[in-house]
Amino acid sequence: MASQFLFLAFIAITCSIALATDPSSLQDFCVADPVRSVPVNGLVCKDPRFVEANDFSFSGLHLAGNTSNTVGSHVTSVNVAQIAGLNTLGISIARIDYAPWGVNSPHTHPRASEVLTVLEGSLQVGFITSHPENRLITKILHVGDVFVFPVGLLHFQRNIGYGNAVVIAALSSQNPGVITIANAVFGSNPDISSDVLTRAFQVDKDTIYNFQSRF
């Protein structure tokens, strides 16, 4: 009986892991066709006869992003929107540039885990576990260090040096999605009711209106 229970538990865990990633391709590739607009989970495949090398390549990750903004960082994403050949492969990549003391604001990727590798500079990184612990797991990274952000968890990065910093991030989805918390809460369209936000953040309405005006 115990062995049967362990077998069923193993099957359940295996199935849950399999279902937690992008759908696997059932052919060599499924290059996204941006012209066809059939509603599917993902993107429609391009006719393989018209697939070419450019469908699998991207140029530009050697170029620094413009960090002259309020948060002092810039994300150069390379997902299925930039490389059509990533369709159904369940992977994407990004370059993130940070000005001195710049941050990649707290955010989540609803469809992907992230593996971050530091190429230049030093960063404080961290993620927060789910309720009720809300535990902050954080670490200082230097060149060559790698850190993992589990799928869906709130996370951030901050350049702690006087020079620029650069990382490469690999993500486990062709389209990871991103929800930046401050933008989503205070910059939603339409606005979240101030009655909701004053209760949630335990501040007065003027404070909420001030935050909303910034986003």
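The first residue you see is number 1, and the count goes up from there.
Backbone N, Cα and C define each Cβ position, glycine as well.
Because TrEMBL annotations are produced automatically, they should be read as predictions rather than curated entries.
Within the set CYS15, CYS45, TrEMBL assigns CYS45 as the partner of CYS30, by disulphide bond. Cα-Cα distance from CYS30 (disulfide bond) to HIS109 (oxalate binding site): 23 Å (rounded to the nearest whole number).
Listed in sequence order, the recorded positions from CYS45, ASN104, HIS109 having a Cα within 10 Å of the Cα of HIS155 (Mn(2+) binding site) are ASN104, HIS109. When each of the binding-site residues HIS107, HIS109, HIS155 is scored by how many other Cβ atoms sit within 10 Å of its Cβ, HIS107 comes out lowest. The Cβ of CYS45 (disulfide bond) has CYS30, VAL31, ALA32, ASP33, ASN87 as same-chain neighbours under 8 Å, each 6 or more residues away in sequence.
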